[in-house]
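Student: Let me begin by handing over the structure; questions about it come next.
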Ligand SMILES: Nc1ncnc2c1ncn2[C@@H]1O[C@H](COP(=O)(O)OP(=O)(O)O)[C@@H](O)[C@H]1O
Ligand SMILES: [Mg+2]
């Protein structure tokens, strides 16, 4: 099948379309021209950088380099999780990294081995984009579950202590909160699967079809990816919560206050 | 060894620069009724939180059943001691949901006697069907009474009661106090300004004079 390339000239033609939002903004005094320019420029620079970077990475296609790049992605994801939820980086670094590695990397290996049947499990063309999709989704899941968990346990401090005083073991007192936050984190992924194809064609599938794949092949990939994303998200989020819990409660079963970034003092 | 249940030995507590308690001693034996008295901020609540592991001394030791209270023994203490706090904030879910949760803990399994629960609710002055209500709808005193009932159902026999009668009307104050004082086998440590507790056999202990 023929691949329809986009020439740089046609890309310019595409950017010409941006004249429309500029006019809309001008006419309705929305004041979004500056924001639009900044956002579009950022997008161009970032994607150009990624494009060049991935080209080099794909040409090189060295397993070690590919794995190192995954490591960089992992560290970025971990950093984003922890700084987003306002917790102390040092305390939760190891458990969070661990959750991303187990949750994403194991599923990825299984995926490349048994689903895509790759000869080289660390082939850049599969390893990096698929890992990116897994990581992006489990990152969102981890942020929701960890932040809602620590929020809830802080908000319900009295209730939590009261459970302990009524004979709850540590895990019995913690579990109701962990359960709720896992539920919260997984709901979007579940909803995503049940509406896919009806509400919107997923980006990956659209991309494949435009690039020349048959819709059936694109759908098969999409199904596989969705399952992979869901499984890796469930694993990451579950491991993430239970690993951070291990290092954030003391032996009396009480939440260590230094888990939170100190805002006072 | 004596039959001391709780033994505060030379306890001092400070928070930062602020000294709250210094060299406090108290022996509590089975069946004792002790009323802690002292000005607000003297450290009374803190003393009652210690056996639960919710507050810690700066120096000195606390013994429970003649063994040092630490992160291992505190779990046993929590099974036997009921601590009814002055600010019991349980504000998510209904009363019945919370009761179900508490009696699903392995230590409490099979202890939920619904007949006894209803009898206690009536005795402690609940008229409406409080079980279906949400905790948000209850007053502080109502929450505390639910707390008391749960501790009784679990079968605890050491009660640390932090201002549990302060927001009740006179008749109910009397009723609640009598309920506890009549059970001679129970050990009580009470913080209260209400004179319904100042009965025979109740020993007044000053805190932080
Ligand atoms: N976790 C804590 N951090 C800092 N100060 C505390 C803490 N807990 C109690 N305090 C202080 O210790 C003092 C004693 O408190 P408390 O035991 O509640 O007194 P009481 O019950 O006798 O009124 C109070 O001044 C209180 O502000
Ligand atoms: Mg107090």
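Positions of Cβ are set from backbone N, Cα and C atoms, glycine also.
Just so you know, TrEMBL annotations never went through curation; they're auto-generated.
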Student: Any idea which of A:92-114, A:161-183 is down as transmembrane segment in TrEMBL?
Tutor: A:92-114
Student: List, by number or range, the same-chain residues at least 6 past the transmembrane segment (A:92-114) whose CB is under 8 A from its CB atoms?
Tutor: 70, 74-75, 77-78, 81-82, 121, 123, 126-127, 130-131, 134-135, 138-139, 142, 146, 224, 228, 231-237, 239-240, 243-244, 246-248, 259
Student: Count the CB pairs under 8 A between the transmembrane segment (A:64-85) and each of A:6-28, A:40-58, A:126-150, A:189-211, A:223-245, then give me the winner.
Tutor: A:126-150
Student: What else in the chain is close to the transmembrane segment (A:40-58), if you only count residues 6 or more beyond its ends and a Cβ gap under 8 Å?
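Tutor: Sequence-remote neighbours of the transmembrane segment (A:40-58) are 15, 18, 65-66, 69, 124-125, 128.
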Student: State the residues, same chain only, that lie 6 or more residues beyond the ends of the transmembrane segment (A:223-245) and have a CB under 8 A from a CB inside it; answer 'none' if no residue qualifies.
Tutor: 81, 92, 94-96, 98-100, 102-104, 106-108, 111, 115-116, 130, 133-134, 137-138, 141-142, 145-146, 149, 174, 178, 181-182, 185-186, 189-190, 192-193, 196, 202, 204
